[in-house]
Amino acid sequence: MQAKDSNPPDGGYGWVVVVSAFMVMGFTVAVLKTFGLFFVEIQQHFDELASSTSWITSVTIVIFHLGAPVASSLCVQYTHRTVVITGGLLAFSGMALGFFGLNMVWMYATTGFLQGLGISFSWTPAISIVSHYFSKKRALANAIASAGECAFAFMFGPFFQWLISQYGWKGALLIIGGIQLNICVCGVLMRPLASSCLLKARHCETETPPGNGASRRDKEDKSPIMHKTFNWMLVRRPEFVLYAIFGILAAMSFFVPPLFLVPLSYSLGIDESWTSSLLSILAMVDFGGRLLCGWYANLQVTKTIHLLAMTITLMSTSLMLLPLANNYLSLAIFTGFYGFFFGTTVAIHITVLADVAGMPEFDSALGLFMLIRSTGGFVGPPLAGLIVDIAGDYRAGFYMAGATLALSTGFLIILDRLQQRKKTGSKIRTKPEKSTSPYPSLHILKHQ
């Protein structure tokens, strides 16, 4: 048995890791969420359709997801710290090269591919190592770490708008790339759990079954937070497959609202300064939703998967209502509702993944989940952009996102039913056989 599964620290230096992950979330996903501020600028510069411009975000998202199993595998071979530092360098390269803005294909390759790979190599090990450092407080720790994207998005909205106005969209990309180099500093702080648990691992002789082919010395040399192999066979588990399908549909919707919120506000005649404040409002309520849901999930009052199904349903409803806005005030209110329920969803969906796959397989499950979910992130923004082009109205993208989210809830319900059925079947199989004989001693002899 590995020390990470039986006795994670659940505190101590783990909180330093949480703060580091908090910062990584801000320098990666927060940048992706506020990239909508560049949408109109890039679209006008290259004179492209909304569907063509949205491919930049689509490429970023799909590489973010496709790179996840690669990042997880590298964490097995090296450390979470090394992979995060590599991700910081890649993210910087993507933005710095995007500064040249040669053509749309160049933007796909730089701010799309390289930025997406940098986000993947930073986000995946950061969120993974937090889950390994915590057990009882895992939901709360994940919620705090993920809230980093909200806190930074709150500041990045007006800040990026100011950068664009002062230095143009190209200069803003270069500056943002420099800021993302701080990911490397955060990676240095992510100390491998082995350094604090190795001593405990050396005293686990009683937990090592005799006759095991791998020697105890081999187990000691391996970091207890890492697996020896990447388990691709998780795709054969029905529970994981159902959750992955949910992830595909959710990813088709998650990145659409931030992408079209700014263009929608412009179409309503809202001033640019007020538009950037919408992103700040979105980030603020998102932050509150994550912390509140993480705290509530930590109380274990409601089953986590039930809580996730409720938050997804409420988020879907808010997206379907958001297009009804016709001025800044109504748009801000509906944006607030969407942002809050988005935050509650993101706070616990990784925790649910850990429950579905189990911590021994969590690194592999996270990589595979992100890989499979990439199809949704790849299709979602261009599909929404195509629908917007056909309808001639940015509201159509929000309707598409809301409907897709509503569909994803059904797979959570099926997953929960399957888990309950297996749990009930397990109880029946382990239930002791009742004696019907009037002579208990004869019944015992019969089964000996």
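The backbone N, Cα and C atoms fix where each Cβ goes, and this holds for glycine too.
Here's what TrEMBL has on this protein:
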TRANSMEM  12-35  transmembrane segment
DOMAIN    14-420  domain 'Major facilitator superfamily (MFS) profile'
TRANSMEM  55-76  transmembrane segment
TRANSMEM  83-106  transmembrane segment
TRANSMEM  112-133  transmembrane segment
TRANSMEM  140-160  transmembrane segment
TRANSMEM  172-190  transmembrane segment
TRANSMEM  240-262  transmembrane segment
TRANSMEM  274-293  transmembrane segment
TRANSMEM  305-325  transmembrane segment
TRANSMEM  331-353  transmembrane segment
TRANSMEM  365-384  transmembrane segment
TRANSMEM  396-415  transmembrane segment
Selected stretch (most C-beta pairs under 8 A with the transmembrane segment (240-262)) from 12-35, 365-384, 396-415: 365-384
Beyond the flanks of the transmembrane segment (55-76) by at least 6 residues, Cβ under 8 Å: 32, 35, 39, 42, 82-83, 86-87, 104, 107-108, 111-113, 115-117, 119-121, 123-125, 128, 226-230, 251, 255, 259, 363-364, 366-371, 373-375, 377-378, 380-382
Stretch contact, the transmembrane segment (365-384) with the transmembrane segment (112-133), Cβ-Cβ under 8 Å, 3+ pairs: yes
Seg_contact(the transmembrane segment (331-353), the transmembrane segment (396-415)) with at least 3 CB pairs under 8 angstroms, min sep 6: no
Per-region confidence, the domain 'Major facilitator superfamily (MFS) profile' (14-420) (mean pLDDT, whole number): 84
Within-chain partners of the transmembrane segment (172-190) [C-beta distance under 8 Å, separation at least 6 from its ends]: 16-17, 19-21, 23-24, 27-28, 31, 38, 80-85, 87-89, 91-96, 98-99, 111, 118, 122, 125-126, 129, 160, 163-164
